[in-house]
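S.K.: The following block contains the structure, expressed as C-alpha cells.
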Amino acid sequence: MKLIVNGEVHEVAAATLAELLAALDYDGDWLATAVNSDVVHKARRAEFQLSDGDRIEILSPMQGG
Amino acid sequence: MFELFGTSLPSRLLLGTAQYPSPAILADAVKASGTSVVTVSLRREMAGGRAGEKFWSLIRSLGMRILPNTAGCHSVKEAVTTAKMAREVFGTSWIKLEVIGNHDTLQPDVFGLVEAARILCEDGFSVFPYTTDDLVVAERLLEAGCRVLMPWCAPIGSALGPVNMTALRSMRGHFPGVPLIVDAGLGRPSHAATVLELGFDAVLLNTAVARAGDPVGMARAFGKAVDAGREAFLSGMLEPRDVAVPSTPTIGRAVFS
C-alpha cells in the first residue's frame, strides 16, 4: 500500500495506523497523528484502518513563538 | 497576580521558545524572565528522530504552563486540526490560534480566525486569538466565544513596537473587562512597558528575547519592563502638557536683587 507520510511517499504493508508508526520507527507518547487532515487520537490508532493513498501527518512538540 | 481562564499567573510576560542559540539558553531565559507560560508548536517528526522528545522533555522540566500555537496555519481546517493535535500532545485546552492570511506581513486572516475560533470554542478550547487591532474583528472573536484577545502591535518578528497607539488605546477602552495581550511586534523592553502603561494586561513575545545579544539578560529586562509598566498603569500617570510647570515651590524663594 502506498501512503504519504509527512509529505513523503512510503510503500508499506501496515494495515493500521499503529502498525505504520511501528514500521517506520515512530515511537513515543508525545506524537500526534492525523489522516487525511483529520485527527486520529492515540487510543484509536490500533483500530484505524489505512487505505491506499492516505496522507498521514505525524507531529511532535517543537519550538514556537 | 494575573488571571487567564481561571488560572492565576505570577507574570504578565508570556514567552515563545523558538530561535534561541541553544536549549540551555532557552531554559535560562525562561527562568530569568519570570514567566510561567511558554508558547510551543507542533511540527512534522522525523522517522526514528527524537527531536520532539528532547524538546518536550526540556519544556516539561521547566514546569511552565504550555500555550501551544497553530503557527504557520493558513486555513481554518489546518488550524483546527493542529489545535486538536496540540490538545492531545500537550494535555491542555489552551491554544494560541493563528490563521495567517498574508505571507509578507504574517497578518492574520481575520475571517478564517473568527471561524476557527468559533469551532474551537464550541469544542471546549480556551482560545487565545492572534488578531489585528481591529475593533470589529475583536467583537466577532468575543461573540465566537473567545475570552482573551491578542492583538499584534506590529508584524511578527519586526521589533517595531506599538505602531498604532491610537488603535491599541481604543481597543483597551472598548473592552475594559477582557484580558488583552499584545502579541507580536515588540522589540524592546520599553515597548512592553508602553503597552502595559496603556492598560494592556500582558505581552507575548519571542524574537526580541531569543535573537538578542544576551537572551537571558534581555528576558530579565522584559520581565522588569512588564512589571514597571503595570505598576505605572495602576499608579496613574500624568497627562503631557505643553507648558512648563515648576516642580519646586516658588513660595519662600530667595531674592538676591
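Just so you know, glycine gets a Cβ as well, placed from its N, Cα and C.
If you look up TrEMBL, you'll see B:4-249 marked as domain 'Thiazole synthase ThiG'. Taken from TrEMBL, the feature active site, schiff-base intermediate with DXP covers B:Lys96. Look at TrEMBL and you will find B:Gly157, B:Ala184, B:Gly185, B:Asn206, B:Thr207 tagged as 1-deoxy-D-xylulose 5-phosphate binding site.
A description of the local structural setting of each listed feature is requested, covering burial, neighbours and distances.
M.R.: Every protein chain considered, the tally of other Cβ atoms within 10 Å of the Cβ of B:Lys96 (active site, schiff-base intermediate with DXP) stands at 28.
Under DSSP, B:Asn206 (1-deoxy-D-xylulose 5-phosphate binding site) is assigned to coil, being neither helix nor strand in the three-state scheme. The Cβ of B:Asn206 (1-deoxy-D-xylulose 5-phosphate binding site) has 24 other Cβ atoms within 10 Å, all protein chains considered.
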S.K.: Restricting to the chain of B:Gly157 (1-deoxy-D-xylulose 5-phosphate binding site) and a gap of 6 or more, list residues whose Cβ falls under 8 Å of its Cβ, or answer none.
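M.R.: Result: B:Leu106, B:Ala184, B:Asn206, B:Thr207.
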S.K.: Where does B:Gly185 (1-deoxy-D-xylulose 5-phosphate binding site) sit in DSSP terms: helix, strand, or coil?
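M.R.: Coil, per DSSP.
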S.K.: If you average pLDDT over the domain 'Thiazole synthase ThiG' (B:4-249), what do you get?
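M.R.: That stretch averages a pLDDT of 95.
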